[in-house]
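Asks: Please find one structure pasted underneath; my questions will follow.
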Amino acid sequence: MTVPASSPAPGFPPADAPILLFDSGVGGLSVLAKLRQALPQAPVIYVADNAGLPYGTKTEAQIAARVSGLLGRLTERLRPRLVCIACNTASTIALASVREVLEVPIVGTVPAIKPAAAMTRSGVIGLLGTQATIRQAYVDRLEAEFAADKRLLRHGAPELVAAAEAVLRGQAVDPAVFAQAAQALRDQPGGAAIDTVVLACTHFPLIERELGTAFGAGVRFIDGSDGIARRIAFLTQGQQFARTAPDLALFTQADEAVDALRPALAQHGLERIGKA
Ligand code: DGL
């Protein structure tokens, strides 16, 4: 039997099968930027559950139900080759249960505590995430495994999620918002010695410049996006990629805030917008 040139090798996905990147809002764009560098030809569908944003102030049960329901439905409809949960809150709560029900490979987002522990000189690490993320046993386990001999100070900062969304809509944000988040970590016992801050929410690398000003020189930031991009590249090794249409961004709710995001989405190569 002759196999047409366009057919994938047996067991491999078709070349136009997308990578589905999922977040509650624009945070996953920080991961998409790194994914573009690693796999420039990969077709991507970006999905934002903006009807559920913010996740960080919801309960574990609410987040788990939304994420599994939505990813189940979208995986059926879009047939991705791989799903990336580009959201620390959703990953630390729902990754294991989503993996149990979906057959497609799933890559999650883990707070970058391990590399932070290797980077710190003072031994004091700050962790900025959502309120839901910082209370997870998942984070306790990472701390125990990789930073037991360090001091890890956590702060849940929902206002930074809103700030990142606003910045990507082209709106100005009061610098006091960033200063207050930095202060909340500095004010904790030992906080004056923080030299490394884990950005444990995918929204936060999008406002790293503003956070850098707020924390001042001498503080370095680390997030999980490089590791995620590497992991996706590893799991898709040997696969063919061909983008047959401009990449697509899907939102669970169509509103004027989504319209305002068009330029930022286009900058990330997401030229089409639709309904999830
Ligand atoms: N971007 C998400 C994260 O990485 C959460 C933002 C939110 O919905 O609160 O945690």
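Each residue, glycine too, has its Cβ placed from N, Cα and C.
Annotations in TrEMBL come from automatic prediction, not curation.
From TrEMBL, for reference:
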- Asp23, Ser24, Tyr55, Gly56, Asn88, Thr89, Thr202, His203: substrate binding site (BINDING)
- Cys87: active site, proton donor/acceptor (ACT_SITE)
- Cys201: active site, proton donor/acceptor (ACT_SITE)
Asks: If you draw a 10 Å sphere on the Cβ of Thr202 (substrate binding site), how many other Cβ atoms land inside?
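Replies: I count 33 other Cβ atoms within 10 Å of it.
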Asks: Distance between Cys201 (active site, proton donor/acceptor) and Ser24 (substrate binding site) at the Cα atoms, whole Å?
Replies: 11
Asks: I want to check the contact list for Asp23 (substrate binding site): same chain, sequence separation of six or more, C-beta distance under 8 angstroms. What comes out?
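Replies: Sequence-distant Cβ neighbours: Leu29, Val31, Val47, Ala48, Asp49, Ile85, Ala86, Cys87, Ala90, Thr202.
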Asks: I need the neighbours of the substrate site defined by Asp23, Ser24, Tyr55, Gly56, Asn88, Thr89, Thr202, His203. Which other residues of that chain put their C-beta within 8 angstroms of the C-beta centroid, in sequence order?
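Replies: Output for this site, in sequence order: Gly25, Gly27, Pro54, Cys87, Ala90, Thr130, Thr133, Val161, Cys201.
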Asks: Near His203 (substrate binding site), which residues of its chain come within a Cβ-Cβ distance under 8 Å, counting only those 6 or more away in sequence?
Replies: Gly25, Val26, Gly27, Ser30, Leu160, Val161, Ala164, Glu165
Asks: List nothing but the one residue from Tyr55, Gly56, Cys87, Thr89, Cys201 whose Cβ has the fewest other Cβ atoms within 10 Å; the candidates are the recorded positions.
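Replies: Lowest Cβ count within 10 Å among the recorded positions (Tyr55, Gly56, Cys87, Thr89, Cys201) is Gly56.
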Asks: Of these binding-site residues, Ser24, Asn88, which scores lowest on Cβ atoms within 10 Å?
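Replies: Result for the binding-site residues Ser24, Asn88: minimum number of other Cβ atoms within 10 Å at Ser24.
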